[in-house]
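See below for the structure under consideration.
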Protein chains: 2
Amino acid sequence: MSNQKLFNVAVVGATGAVGEQILKLLESRNFPVKELKLLSSARSAGTKISFKGQELTVEEATPESFKGIEIALFSAGGDVTKALAPHAVEHGAVCIDNTNAYRMDPNTPLVVPEVNIEKVSEHQGIIANPNCSTIQMVAALKPLQDRYGISRIIVSTYQAVSGAGSRAIDEMLRQTQAALNGEEVNPAILPVGALPVKHQIAFNAIPQIDKFQENGYTLEEMKMVRETKKIMGDESIQVTATCVRIPVVYGHSESLYVELKNNYDLEDVKQLLADAPGVTLVDDPANQQYPLATDAAGKPDVFVGRLRRDLGSERGLNMWIVSDNLLKGAAWNAVQIAEHIAKG
Amino acid sequence: MSNQKLFNVAVVGATGAVGEQILKLLESRNFPVKELKLLSSARSAGTKISFKGQELTVEEATPESFKGIEIALFSAGGDVTKALAPHAVEHGAVCIDNTNAYRMDPNTPLVVPEVNIEKVSEHQGIIANPNCSTIQMVAALKPLQDRYGISRIIVSTYQAVSGAGSRAIDEMLRQTQAALNGEEVNPAILPVGALPVKHQIAFNAIPQIDKFQENGYTLEEMKMVRETKKIMGDESIQVTATCVRIPVVYGHSESLYVELKNNYDLEDVKQLLADAPGVTLVDDPANQQYPLATDAAGKPDVFVGRLRRDLGSERGLNMWIVSDNLLKGAAWNAVQIAEHIAKG
């Protein structure tokens, strides 16, 4: 690869939980980087981060930061993306955005490489990375959609606190130690940092991720509904989601009920998932083997198990899907897209 | 109540997590006890327990232990019930069994007072207390069944470790402290004490509660399927369950998708649940209020919230149900039945 094209890359939100994973992946994947620019808010500017043995200094992200940048990876919140991505595009960069800012924009491809990588070519400067809980679900469902068709999805999630950022992880660990000591837990961040009411996450399950919408669903639940239809390219798929935060650090788990359009063979479904790219089948009840968040943490794959027929309906299938929300759910999916672009 | 009939009561499994709660309730509810006999395995015999200021000594349970006993509350495992309940019945006792031993026996009523208290009168010596995860679900669904009819239920659970007994609680707390210290967690009990493979419960979600059946479902999941149909008196109700253990001490949470037989009015559903006996409606998204395990712990009620229409089907309803698995899910439901019998 000595004569491979190299790229000027910017990582916006370099000091965040996802940005950190993106940098690790660019390094471990030996991404063809010419120059790497680390960007953040004014607050985190000045932070030193080492990349391939070099110490880089994080700079405050401004519209001018993107001069000469060819690929920009955004994971600093929707407002930052909205404020800066258009400037990055003007400067000729392709933006891969990990926020909710452009996901439902009809002119922005919403991409999970295992599902719809071909959409990347339609981008107009920005490619959106879907929500973590959506990515792992559609990656596991794609082979079933292709073979049998999917009419409806009913999903309940068991989501890790790392999805709410590094401070939420700190809060959970602090609360947990306090609870073990019999002290007050004093919730300060979860369920939603920007909202007034706080709930204990230690030894609890909180059925709220992100803000409530007028229809009674949370934004996280509506992301799963809308993004799934867009990524799978089928507005007729019925999706109902209940998103719940539980005391797990890394790895979202999902309990899915899927109604296929045609009768299916369970062994064929297992084979399809065993052969699916980016998917690892862990489904051996006799030996108590199934996907677990603690096993998925730190790994790029989507793990699927507990596959079983619905007892009531011929076309109903139950499954359990687990993946690292910071990797396939965020950083890895974004870097996969960047690698696709780099290959040209 | 001075001339109220008093009863000779036996509590089998008096030293267990559920037995402890039963004794607390018999005391706090001022149950009409003449003599109280505390029974257990040989291992726990000799333990001293105070009841209404009296110190009682736990005796080893034997067939002869039930002479003169009028009401016997069993929560010492299915094998103990099978071995001893028939002797208790011979001695004239009415047995309220909290195990799985007789739940599906056609001659044994399976009772949740808010749903089918009338079945108590059909008992032939034994009345079965349903599984914890089933009790809270049917208590919340009963008013919807009466008004609209229920065609199907798809439930995913978030179950507390106390459902696996006191030793499981100790294990989770020990594992959690070890994980916080960066030490090995060394799983020893969960997911199923009697099975060889163990998994970490600290900061994890384990999609196995009880043993796997040939159809790929766990026994816990099949209990929810079978018991729900029997308690609600309708074999046509389709039930699919995914049962998951999470790092919570007390309080099972459940994410339900319910398909009603008729179109419904959401405000009417909320009113039905607000008025339902034993049910507390906690459903105020604007103020981030919904049922939480930490709030339900130690309370007898079943808490319901997150009520919202399915976006795809007219008759689909999503709800979030939480209750203390040791109280309404076990001890309180059993004591409610005992009180009904005591009233005569």
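From the backbone N, Cα and C atoms, a Cβ is placed for every residue, glycine too.
As recorded in TrEMBL:
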type	residues	note
DOMAIN	B:8-123	domain 'Semialdehyde dehydrogenase NAD-binding'
BINDING	B:Thr15, B:Gly16, B:Ala17, B:Val18, B:Arg43, B:Ser44, B:Ser162, B:Gly163, B:Asn325	NADP(+) binding site
BINDING	B:Arg103	phosphate binding site
ACT_SITE	B:Cys132	active site, acyl-thioester intermediate
ACT_SITE	B:His252	active site, proton acceptor
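Projection of TrEMBL feature records onto the structure.
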residue  : record                                   : DSSP (3 states)
B:Thr15  : NADP(+) binding site                     : coil
B:Arg43  : NADP(+) binding site                     : coil
B:Arg103 : phosphate binding site                   : coil
B:Cys132 : active site, acyl-thioester intermediate : helix
B:Ser162 : NADP(+) binding site                     : helix
B:His252 : active site, proton acceptor             : strand
B:Asn325 : NADP(+) binding site                     : coil
Quiz prompt | Which of B:Ser162, B:Asn325, all binding-site residues, has a Cβ with the fewest other Cβ atoms inside 10 Å | solution = B:Ser162
Practice problem: Just give the helix, strand and coil counts over the domain 'Semialdehyde dehydrogenase NAD-binding' (B:8-123), going by DSSP. | Solution: 39 helix, 32 strand, 45 coil
Exercise. Compute all pairwise C-alpha distances among B:Thr15, B:Gly16, B:Ala17, B:Val18, B:Arg43, B:Ser44, B:Ser162, B:Gly163, B:Asn325, the residues listed as binding NADP(+), and give the largest one in whole angstrom.
Key: 25
Quiz item: Counting across all protein chains shown, how many other Cβ atoms sit within 10 Å of the Cβ of B:Arg43 (NADP(+) binding site)?
Solution: 9
Self-check item: Within 10 angstroms of the residue listed as 'active site, acyl-thioester intermediate', Cα basis - recorded positions out of B:Thr15, B:Ala17, B:Arg43, B:Arg103, B:Ser162, B:His252
Solution: B:His252
Self-check item: For B:Ala17 (NADP(+) binding site): intrachain residues, at least 6 apart, with Cβ closer than 8 Å
Solution: B:Ser162, B:Gly165, B:Ser166, B:Ile169, B:Leu326
Self-check item: Residue pair B:Arg103 (phosphate binding site), the residue listed as 'active site, proton acceptor' - Cα distance, angstrom, rounded
Solution: 20
Quiz item: Around B:Thr15 (NADP(+) binding site), which residues of its chain at least 6 apart sit with Cβ under 8 Å of its Cβ?
Solution: B:Leu38, B:Ser40, B:Ser44, B:Thr47, B:Ile49, B:Val58
Practice problem: Provide the number of Cβ atoms within 10 Å of the Cβ of the residue listed as 'phosphate binding site', excluding the reference atom itself. | Solution: 22
Self-check item: B:Cys132 (active site, acyl-thioester intermediate): tally of other CB atoms within 10 A of its CB
Solution: 27
Quiz item: Tell me which residues of the chain lie with their Cβ under 8 angstroms from that of B:His252 (active site, proton acceptor), as long as they are six or more apart in sequence?
Solution: B:Cys132, B:Ser133, B:Gln136, B:Thr157, B:Tyr158, B:Gln159, B:Ala160, B:Gly163, B:Ala293, B:Val322, B:Ser323, B:Asn325, B:Gly329
Practice problem: Take every residue in the domain 'Semialdehyde dehydrogenase NAD-binding' (B:8-123), average their pLDDT values, and give the whole-number result. | Solution: 97
